[in-house]
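What follows is a set of notes on a single structure, which appears directly below.
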Amino acid sequence: MERFKWRRRRRSYELRENVTPATCLRHSVKHKCARIRQAVVQNTNLHVRHLLSGASASVVARTILAPLERIKVELQINQRPGGALKTFGSIVAKEGPLGLWKGNALNLLRTAPYRSINYYTYDNTRAFILKITKERELSNLQRLLAGATAGCVAIAVCFPLDVLRTRMLSKGNESYYRKGVLSTLAHIVKGEGPLALYAGVIPALASVGPSNAVFYTVYDLLKTNHLNARRKVLEWNEPSKRARSAPPSPPSASSGTGTVAGRDASKEEGVMEAMDPRFNLLYGGLAGICAETSVYPLEVLRRRLQLIQAATRSGHFGSVRAFGNLSSMSKLLEIILKRDGFKGLYAGVLPTICQVLPSAAISYYIFELCKKRLEVYK
């Protein structure tokens with residue numbers, strides 16, 4: 001029955017003038033997507049749709065930018081000589097073009113729930129703070145607090161997946177971790193204990209907390225300033241506002257409950273809809289760069305510490321042999337500074353910036369789009 005409906009719809013499109021089969025297919029896909037969206041909205045609650053929006057944004061962005069993620073991990077962990085371009089050529093030569101997407105499924109398994117929980121926690125923490133304070137906007141301290149809370153909650157839930165991904169992508173572990181995610185998980189738990197899945201979680205919390213705080217603070221400030229500027233433009237262009245060029249009289253003490261600071265509440269809410277989606281791309285990218293570069297050295301230390309602890313237990317040191325048996329971040333930092341200098345703390349930062357800029361931009365654009373399509377309002 002469904003196949004008959006699709007054929008009838010395709011024939012109706014083809015009977016029109018200047019309609020190609022590609023146009024027919026596009027309309028059919030659009031119709032199917034609309035039906036799926038309607039089913040999701042009708043059959044799921046607000047919280048599930050909110051989480052789905054974050055997961056969808058993460059899947060799309062990470063799949064597009066998986067090659068940059070692979071190059072970044074290779075530079076951070078395996079220390080391939082020659083920089084990003086030579087690392088790219090080496091991966092393609094040895095593993096083929098699909099080698100650039102090695103570990104992408106595991107990466108999605110980690111980033112989809114991480115971003116989903118991250119966005120969800122921040123939006124709900126933000127709404128909770130606004131509800132308690134009864135303010136229209138967050139202060140900078142409140143933005144930092146909400147962002148750090150979202151990052152810590154997400155990392156606490158999803159950190160074992162990050163440990164699995166790091167082990168599977170590191171050089172020298174192919175014989176142990178080639179069989180897949182479940183085999184890797186069983187090997188780690190059996191050989192090192194469940195706590196090994198949280199090796200390096202303290203540096204991760206110290207990294208992700210400030211990173212999230214910076215990201216959401218920068219993004220929220222940019223968006224708030226944009227909306228305030230947009231609000232002033234809308235007010236200036238109103239005929240009634242332009243007609244009253246004289247200074248307005250002070251507001252009366254008996255102003256109605258439907259006003260916010262002398263303005264209509266419905267107009268305040270409507271300003272949010274006036275924001276061009278392209279600014280989500282811009283502000284998300286800028287916020288992502290600020291957040292990533294501010295805590296990148298902690299990210300390098302965290303990944304190195306994970307591999308050193310694993311190598312100490314297994315006896316297979318591989319690419320971390322030069323660091324020996326270390327369990328302290330301060331000693332690891334001292335060795336990196338002596339061996340590679342300050343630039344050693346930013347190994348792989350160029351592909352990271354090239355990845356974070358489009359990743360944060362695409363993620364937030366799709367996240368806001370999905371929230372709108374799935375009727376999630378925060």
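Positions of Cβ are set from backbone N, Cα and C atoms, glycine also.
Per TrEMBL, the features are as follows:
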REPEAT    45-128  repeat 'Solcar'
REPEAT    138-225  repeat 'Solcar'
TRANSMEM  144-164  transmembrane segment
TRANSMEM  195-222  transmembrane segment
REGION    238-267  region 'Disordered'
REPEAT    275-373  repeat 'Solcar'
TRANSMEM  345-367  transmembrane segment
DSSP-assigned states of the repeat 'Solcar' (45-128) in counts, ordered helix, strand, coil
75 helix, 0 strand, 9 coil
Determine how many residues of the repeat 'Solcar' (138-225) DSSP places in helix, in strand and in coil.
76 helix, 0 strand, 12 coil
